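Q: The following block contains the structure, expressed as structure tokens.
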Amino acid sequence: MSDGTSNAPTRKHTALPKAQILIEALPWLTRHHGKTVVIKFGGNAMIDEDLKAAFAQDVVFLRHAGLKPVVVHGGGPQISAALDKHGIVSEFKAGLRVTTEDAMDVVRMVLAGQVQRELVGLLNQHGPLAVGLTGEDAHTLTATKHQPEIDGELVDIGRVGEITEIDTGAIEALLADGRIPVVSSIARSQDDHHVYNVNADTAAAALAAALGAETLMVLTDVEGLYEDWPDSDEVISRLTASELEKLLPDLSSGMVPKMEGCLHAVRGGVTTARVIDGRVQHSILLEIFTDEGIGTMVVPDEQGES
């Protein structure tokens, strides 16, 4: 008579591959537990409804997995649309938006009143987690006028700021309370009583360094940093800060603030900075919790041989 413990074949459960995926994530969960990760939200992920929803899911997943996510956002597409609607001409110089006084009013309105509110709402569909603030709040970001150099000459690009000071107190208080800070890339002015538009890539990198973050993640509309664009679409999966510094002069203008941000972050003590394809749903989870990862990772020089 059988006791039910015969040598019958083990049933092949269809869910077993999911267990393997979870186990693959275990060492990464252990490594990142309790660590701060700053995520710059931008590109197509900001205007595609499915990508926005997936982004919110990823960030909330990080929070429940024991990480401390901080979201920094710009609003390029939304700002351009609003400026067109108000009949304000907008142009870019050195990869940065020229921001007149009139344009600054629109930038502030769109970032703090539209993009941030929508993102906070998406995150809070999963629980009372996200809190929105701008760099003005609690003096989180302070900036002075930024004048880039083009062909050897300083160029006036209006109310575009260069971050001079960061106060992480408000963000750290929110993280300690289990919240997800969502920061709009606007800074208070060190020079006058106005505000500055600051590049969101730059703001995210500066915040990551100031917070002592484990990781900076920058969402883009490309797969990562290409090895020899446009002659090759081979993505560089990993490089050191010094290797990146050598490549900077030859990068396209749109990638310069992103890669300069990554360089600043790792030189400022952030363990890794990653540029990932925001067009891929759940790219954040793929980058952090899988062996292969996705995109380009920048590491400090001393990690180059590891």
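Any Cβ shown, glycine's included, is placed from N, Cα and C.
Remember, predicted model here, so these are calculated numbers, not experimental data.
Take a look at what Swiss-Prot says about it:
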- G75, G76, R97, N197: substrate binding site (BINDING)
- K40: site 'Transition state stabilizer' (SITE)
- K258: site 'Transition state stabilizer' (SITE)
Q: Should K258 (site 'Transition state stabilizer') be counted as helix, strand, or coil on the basis of DSSP?
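A: Its secondary structure by DSSP: helix.
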Q: Please report the distance from the Cα of N197 (substrate binding site) to the Cα of K40 (site 'Transition state stabilizer'), rounded to the nearest angstrom.
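A: Between the Cα atoms of N197 (substrate binding site) and K40 (site 'Transition state stabilizer'), the distance comes to 15 Å.
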Q: What's the CA-CA gap between R97 (substrate binding site) and K40 (site 'Transition state stabilizer') in angstrom, rounded?
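A: Cα-Cα, rounded: 17 Å.
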Q: Give me the long-range Cβ neighbours of G76 (substrate binding site): same chain, 6+ apart, Cβ under 8 Å, in sequence order.
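A: Within the chain, G76 (substrate binding site) has Cβ neighbours under 8 Å at G42, G43, M46, R97.
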Q: What is the total of other Cβ atoms whose distance to the Cβ of K40 (site 'Transition state stabilizer') is within 10 Å?
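A: So the Cβ neighbour count for K40 (site 'Transition state stabilizer') comes to 30.
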Q: Which whole-number value in Å describes the distance between the Cα atoms of K40 (site 'Transition state stabilizer') and K258 (site 'Transition state stabilizer')?
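A: About 10 Å separates the two Cα atoms.
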Q: Do me a favour and check the Cα-Cα span between G75 (substrate binding site) and K258 (site 'Transition state stabilizer'); whole Å is fine.
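A: Between the alpha carbons of G75 (substrate binding site) and K258 (site 'Transition state stabilizer') there are 15 Å.
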Q: Show, in sequence order, which residues other than G75, G76, R97, N197 on the same chain lie with their Cβ within 8 Å of the centre of the Cβ atoms of the substrate site.
A: G74, I79, S80, T99, V107, V110, L111, S185, A200
Q: Across all the protein chains here, work out how many other Cβ atoms are within 10 Å of the Cβ of N197 (substrate binding site).
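A: The Cβ of N197 (substrate binding site) has 27 Cβ neighbours within 10 Å.
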Q: Helix, strand or coil: which one is G75 (substrate binding site) in, per DSSP?
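A: G75 (substrate binding site) sits in coil per DSSP, no helix or strand.
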Q: Per the record, substrate is bound by G75, G76, R97, N197: how many Å separate the farthest pair of Cα atoms?
A: 11
